[in-house]
Amino acid sequence: MTHSTQQLSPEGVAEGKRGRLIRELVNRDKTPLIILIMAAVVGVVTGLLGVAFDRGVDWVQQQRLLALANVADYALLVWPLAFIMSALLAMMGYFLVSRFAPEAGGSGIPEIEGAMEEMRPVRWWRVIPVKFIGGLGTLGAGMVLGREGPMVQMGGNSGRMIVDIFRLRSPEARHSLLATGAAAGLSAAFNAPLAGILFVIEEMRSQFRYSLVSIKAVFIGVITSTIVYRYFNGERAIIEVGKLSDAPLNTLWLYLLLGIIFGAVGVIFNALIFRTQDMFVRFHGGDWRKLVLIGGLLGGMCGLLALLHGNAVGGGFALIPIAAAGNFSIGMLLFIFIARVITTLLCFGSGAPGGIFAPMLALGTILGTAFGLSCAHFFPQYGIEAGTFAIAGMGALFAASVRAPLTGIVLVLEMTDNYQLILPMIVTCLGATLIAQFMGGKPLYSAILARTLAKQEQARATVIAQEPAVENTPQIGK
């Protein structure tokens, strides 16, 4: 009798079981490796685009201000030059958008959300250069716009570009890399990797497909884009307000009151954005020449305002630490708030290529600081530091408007490096979100996407109605 099989030892049996378990686990995970590799590539490309865009905007702004500084002693030159330079830069952005890629106008985030549902096209070969150069123009002109919207849209389009270049055919790859690019773009814009992940999972929850592949891809893309950003810009917080004191427990009711105020402000702010967008559509009526002219006037106005009151224009990041430090009186803070609300509505509502994150965060900081100073005056026994309310307000307006409280909380904490304020942030953002929902307000980006899709269907119906009717005439001889 030949011994074809040998008796296994207990150690061998256990090792065999472990091997089978590992093989079953590996076989159960069907994540295509190519998607994860491409997610890393998307993150690198998006990070490089973000760094280039950020530095490009800074360079354009510096050159514009340098030219004005050279003629600062000549009033007859500095005022016309300020208007003309900003007007021309803005007109370049509006022209590129209106003539080559209308979907590159505005924030671009709703376009990515629509693309994730296969409802909006992704023409990356047009959108990336138009958004990049157009954004350099409008943001370089000093308009009240943010850099994060362009970065999110360029990131999402970079994901689709990688899909097309490497001919990835699966719907899973198309969706995962689009979401990866969007998350990587936000991460690179704010040096906030966790907020980038949460933004896609929370804000884009209606469009994002919660699968292991998509989640892994988003994580990898955010990691690589953040590494690229920090390689070029360092690891410091993007908004330096210093370490603020903890919020005492007996002051949490004030943060809840602040959240209630911001809930109402967020609903009103969104409604004003929609009305401003409709107003500009009535002004230009779809004529690109009128749109470019309007953009030039808005850009020139921002150029003049920069000379009169620089805090009323620009993205607002430079204003945030100044306001949070309590360098303005309550009256001046309210004046700046009203002025920036008007300029934000005009610049963003006109369809200029640029985001609204940064202006919104600045508005929240200003109003939050004013509230904090008021509380310090009326409740001196609490020893209130107004800067803590500035930080809470920064996230509260975002939470009320965008309806993504978790993203708002994490985003602000990552940007300011004040993680000890997480409890008042939660109270404020939750209060703002609940009040906004109670008042019937619509999330900003979802509402903009719905309006865009409605216009798309209306245009399609108009084209179909204008097509000549084909009559079925009987054929003779058959």
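Glycine is no exception: its Cβ is also placed from the backbone N, Cα and C atoms.
The structure displayed is predicted, hence computed values, not measured ones.
Copied from Swiss-Prot, the annotated features are:
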TOPO_DOM  1-32  topological domain 'Cytoplasmic'
TRANSMEM  33-69  transmembrane segment
TOPO_DOM  70-76  topological domain 'Periplasmic'
TRANSMEM  77-100  transmembrane segment
MOTIF     106-110  motif 'Selectivity filter part_1'
BINDING   SER107, ILE356, PHE357, TYR445  chloride binding site
INTRAMEM  109-116  intramembrane segment
TOPO_DOM  117-123  topological domain 'Cytoplasmic'
TRANSMEM  124-141  transmembrane segment
MOTIF     146-150  motif 'Selectivity filter part_2'
TRANSMEM  148-166  transmembrane segment
TOPO_DOM  167-176  topological domain 'Cytoplasmic'
INTRAMEM  177-189  intramembrane segment
INTRAMEM  193-201  intramembrane segment
TOPO_DOM  202-214  topological domain 'Cytoplasmic'
SITE      GLU203  site 'Mediates proton transfer from the protein to the inner aqueous phase'
TRANSMEM  215-232  transmembrane segment
TOPO_DOM  233-252  topological domain 'Periplasmic'
TRANSMEM  253-281  transmembrane segment
TOPO_DOM  282-287  topological domain 'Cytoplasmic'
TRANSMEM  288-309  transmembrane segment
TOPO_DOM  310-329  topological domain 'Periplasmic'
TRANSMEM  330-349  transmembrane segment
MOTIF     355-359  motif 'Selectivity filter part_3'
TRANSMEM  355-376  transmembrane segment
TOPO_DOM  377-386  topological domain 'Periplasmic'
INTRAMEM  387-401  intramembrane segment
INTRAMEM  405-416  intramembrane segment
INTRAMEM  417-421  intramembrane segment
TRANSMEM  422-438  transmembrane segment
TOPO_DOM  439-478  topological domain 'Cytoplasmic'
Tertiary contacts of the topological domain 'Periplasmic' (233-252) (same chain, 6+ residues out, Cβ under 8 Å): 51, 54, 190-192, 317, 320-321, 324-325, 375, 379, 382-385, 387-388, 390-391, 414-418, 420-421, 423-424, 427
Nearest of the binding-site residues (SER107, ILE356, TYR445) to GLU203 (site 'Mediates proton transfer from the protein to the inner aqueous phase'), judged by Cα-Cα distance: TYR445
Contact between the transmembrane segment (77-100) and the transmembrane segment (215-232) (at least 3 Cβ pairs under 8 Å, separation 6+): no
Non-site residues, in chain order, whose CB comes within 8 A of the mean position of the CB atoms of SER107, ILE356, PHE357, TYR445 at chloride: GLY106, ILE109, GLY146, GLU148, GLY149, PHE348, GLY355, MET360, VAL402, LEU444
Leading stretch by Cβ pairs under 8 Å, where the reference is the transmembrane segment (33-69) and the options are 124-141, 148-166, 215-232, 288-309, 330-349: 215-232
Positions on the same chain near the intramembrane segment (417-421), where near means CB under 8 A and six or more residues out: 237, 241, 243-244, 246-247, 388, 391-392
CB contacts for PHE357 (chloride binding site) [other CB atoms within 10 A, all chains]: 27
Three-class DSSP secondary structure - SER107 (chloride binding site): coil
Greatest inter-residue Cα distance in Å for the chloride-binding set SER107, ILE356, PHE357, TYR445: 11
Nonlocal neighbours by CB distance (under 8 Å) for ILE356 (chloride binding site), same chain, sequence gap 6 or more: SER107, LEU145, GLY146, GLY149, ILE273, THR344, PHE348, LEU444
Residues that sit under 8 angstroms from TYR445 (chloride binding site) by C-beta distance, when 6+ apart in the chain: SER107, ILE109, PRO110, GLU113, GLU203, VAL402
Seg_contact(the transmembrane segment (355-376), the transmembrane segment (253-281)) with at least 3 CB pairs under 8 angstroms, min sep 6: yes
Top partner of the transmembrane segment (253-281) among 215-232, 330-349, 422-438 - counted as Cβ pairs under 8 Å: 422-438
Local Cβ density at GLU203 (site 'Mediates proton transfer from the protein to the inner aqueous phase') - other Cβ atoms counted within 10 Å: 24
Tally of residues which DSSP labels helix, strand or coil - the motif 'Selectivity filter part_2' (146-150): 3 helix, 1 strand, 1 coil
Intrachain neighbours beyond the topological domain 'Periplasmic' (310-329), with Cβ under 8 angstroms and 6 or more residues off its ends: 139, 142-147, 238-242, 302, 336, 339-340, 343, 358-359, 361-363, 365-366, 369, 373, 386-387, 390-391, 394
